[in-house]
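Trainee: Pulled from TrEMBL, these are the listed features:
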DOMAIN    1-502  domain 'Major facilitator superfamily (MFS) profile'
TRANSMEM  39-57  transmembrane segment
TRANSMEM  69-88  transmembrane segment
TRANSMEM  94-116  transmembrane segment
TRANSMEM  123-142  transmembrane segment
TRANSMEM  162-183  transmembrane segment
TRANSMEM  195-219  transmembrane segment
TRANSMEM  239-259  transmembrane segment
TRANSMEM  283-306  transmembrane segment
TRANSMEM  347-366  transmembrane segment
TRANSMEM  372-392  transmembrane segment
TRANSMEM  413-432  transmembrane segment
TRANSMEM  480-498  transmembrane segment
Amino acid sequence: MLAALLCVLLGSIDLTVVATVVPEVIGDLGVNTADVDRYIWIVSGYLIAYIVAIPLLGRLSDVIGRQQAFILCLVVFLTGSVICGSAESLSQLIAGRVLQGMGGGGMLPVAIALVGDRVQRRHYVAAIGVVSAIETIGWVLGPIYGASVVGLLGGRDEPWRWIFWINVPLLLIALVVVVRGFAGMSPPAARGRRSLDLLGALLLSISLVAFNLALASGGEFGSNRGTGLRAMGGTPNPLANHIPALLSICLVATLVLVFRERRARFPLLPVSLFKSMRFRGNVLANLLVGAVLMVVMVNIPVMVALLSAPGEVSQRSALLLAPFTISIAATSFIADSVIARMGLGRASRVAIVMIVVGCAAVFLLLREGSLVWVAPGLALAGGGIGLLLPPLGASVLETAAASDRGAAASSALMFRLLGMTVGVSALTALGVRRLQTLTGRLEPVVQSSGESTASFLNRQRLFIEEHAIPLSLQVIRETFLVAGLVAVFLTVPLLMLAGPSDFRKGVPGPESRP
């Protein structure tokens, strides 16, 4: 069991581990730094695969057994880590990240199912909470872990590769432990191949990929040639003129998925849970929290990369993210006692105010000269998010029957990840769109005929230092305002969780009452 939990931690760490090292990665792979709408898929590819794997592998473990499903997840994650560690191009790295996401995301529901098989029923909810907490700790620590590995191995060529190579011996050890430790477990009763909803998984994948491609490419839709990222020397996005088609594919796939899941005998998603208003509120809250999380996780390394020397980016990013991640962990730890004292309604209002004020502080204090002044704002926003995570985890378990609690917990995490996925794609589109406006009058950087690549890159660098850095910082500041606005909308799902009177009066929410 311990080996399974450690694997869940490793998979969730890799969810955000590249956040602080992306600048080094794209530099070593020779990727154009202005093509952010392309290399953002290093993050998005993992997230989408992680999301799809959660319901699919959880159901697969019911069909073929927990041990076999977990071994499959480990092998897929191991293969993805090897591909990432040896990648020589952006496409190879993204492919490896997708495999990592499938394996890492699949380990989560299988671990939750193992909890249901191994612990006594009266300890089931607490055990699921432990698995969910480990998953949360993983993605909170991911950016700091990635920066630490790069910092410790900074004397080597391309030290970011060791983030993935370190996984290999750990996963091989885990594989041996799982093979031996789970050998005596009997597989669940066979349910037939029909219980594995492969078509539902395919439809979900198509919908997510099409939607995120549309969002990430949408910043250029209808724009003038040579503005935005293209004015900084970036290459045209080949999907920018196909946004309506991508959105149509997403809509059709989503409608067919909903139609199928409502009629499926063994649906991929727990459709019956959506009848509960509190579950719907939990899903919406997790979506919004995930979106706010990714604004910070993605923006901070980009912000540091704009203002730091290449060799300092990962370490400085980790230091700047530390107040945010530590605050999430600290307030998550005390959230139960705070809610018991203040009530869910009042504690939720405090959390929202903390996030909004924190994001506003970053907007006001972020300046080109120094980054240190944004740390208090990041700490405040992280504290607000941490205050919300435990009640969201507890409430989703209380909305489900005992037999559905594993599916409910997995679904809540899945929708938080979906919010993170949509958040990073929307952030990319918003940033590119704003740069279109801000750079509309600038003369674009284009490599002229006969100009050497070295000369062009040097001219591009000078242009970026003079124009791109100030404009990019302005865009980043504005996205923190957007994050604060998203946090305000958290009021709606929290009303659905606590009830209007609870939210206004601050009395204990339903999960705090006897």
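Glycine residues also receive a Cβ, built from the backbone N, Cα and C atoms like all the rest.
Keep in mind that TrEMBL annotations are predicted by a computer and have not been checked by a curator.
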Trainee: Check the transmembrane segment (347-366) against the transmembrane segment (195-219) for contact, please; criterion is three or more CB pairs under 8 Å, pairs 6 or more apart in sequence.
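Mentor: They are not in contact.
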Trainee: Tally Cβ pairs under 8 Å between the transmembrane segment (480-498) and each listed stretch (69-88, 372-392, 413-432), then give the stretch with the top tally.
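Mentor: By Cβ pairs under 8 Å, 372-392 leads among 69-88, 372-392, 413-432.
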Trainee: Do the transmembrane segment (195-219) and the transmembrane segment (239-259) come close, with at least three CB pairs under 8 A (pairs 6 or more apart in sequence)?
Mentor: yes
